[in-house]
Amino acid sequence: MSKRKLSRQQRWRVEKIQAERAERAERRARRDDTSLDAGDYGPERLGRVTAHFGRTLEVEAEDEHGDLQRHRCHLRANLEGLVTGDHVVWRVAADGSGVVVARQPRQSVLERPDARGQLKPVAANIAQILIVFAVEPAPHPNLIDRYLVAAEATGITPVLVLNKTDLLPETGSDLRTLLARYRAIGYRVVAASTQQEGGLDALHACLTERTSVFVGQSGVGKSSLIDRLLPDMQLRVGALSADSRKGTHTTTTATLYHLPAGGELIDSPGIREFGLGHLEEHQVAQGFIEFQPYLGHCRFRDCRHRQEPGCALRDAVERGDILASRFDSYRHIVDGLTTR
């Protein structure tokens, strides 16, 4: 379907709105500069972004007593792309609000493509990505693989979290077989349930003393898990659709929470598919960690692991060293890249 062309009047209105936004940002920057030069803001302080609301941020910092306080801050016009988890330099005003003047170097950043295919940061300075899936809605292995590839591309440690294990049959479950395969590859798999006593013990241990981010389909129970992990927080929990068994989105902005036992958790808006269109084929292959010993050992340097003779990956699949299901998942992802 071709895109609808804008009329001359519509283009003028769009350009006018964009110009007004740019002018407001410039006026705000001038006010900030004037206030900073006049000493209306206090000295520079260190803080961490705990939530993002458009042109304003929620920044957490210690007060004079060492207690953590959160302040609503706005950004200098020359600062773009700040996300929850960023460590920043900011200055506070007399009314408790503030202005963020700089971002400190990131240790890690989680990015995913936006609607235009441009990489957009989601969270920063995180130690592990918790990929949450559930017995219901039923997880699809290829979707799990997409999350794993995306995590491997960032260099951030992924952990698989199976939620709603109280719904899992004791024996004969295909899901149990799937989890065993991921464990055999080398991934950590954590079981969780909000309906069973001690059902979150393993998850608590996994989260302690780390900054983690939850990702996963809507409806897998992320908000319910956080409600239990953070009993003082009240998060709206969406109900599963009786028809599609797909969940409703319950979180609208990425937010950082402190866990009672130590560590932090960043909850980000639910997504149903993790786009990988920004990756090249060789990056996808690297994201399948069991492929790595065989990459670079094909007969041809430009082997695409299709029908080429002497393909080390295909030979490994035939020997049973690589699961055929994982190789098929890889091919499905790579084939999707060719249509972008």
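Glycine is no exception: its Cβ is also placed from the backbone N, Cα and C atoms.
Positions annotated as GTP binding site by Swiss-Prot, on the basis of sequence analysis: N163, K164, T165, D166, G216, Q217, S218, G219, V220, G221, K222, S223, S224. The Cβ of V220 (GTP binding site) has 27 other Cβ atoms within 10 Å, all protein chains considered.
Here Swiss-Prot flags C298, C303, H305, C311 as Zn(2+) binding site, drawing on sequence analysis. Within 10 Å of the C-beta of C303 (Zn(2+) binding site) we count 18 further C-beta atoms, all protein chains included.
Sequence annotations record features per position, and here Swiss-Prot assigns compositional bias 'Basic and acidic residues' to 20-34.
The domain 'CP-type G' feature in Swiss-Prot is assigned to 116-274.
The region 'Disordered' annotation in Swiss-Prot covers 20-42.
Around C311 (Zn(2+) binding site), a 10 Å sphere centred on its CB holds 20 further CB atoms from the protein chains shown.
Straight-line distance linking the Cα atoms of T165 (GTP binding site) and C298 (Zn(2+) binding site), rounded to a whole number, equals 41 Å. The binding-site residues recorded for this entry are N163, G216, S218, S224, and the Cα of G216 lies nearest to that of C298 (Zn(2+) binding site). Using the Cβ center of C298, C303, H305, C311 for Zn(2+), the list of other same-chain residues with Cβ within 8 Å runs, in sequence order, R299, F300, R304, R306, E308, G310, A312, L313, R314. A simple Cβ count within 10 Å picks out one of the binding-site residues N163, T165, S218, S224 as the most packed, and that one is N163. Considering other CB atoms within 10 Å as the measure, the emptiest surroundings among the binding-site residues K222, H305 are those of H305.
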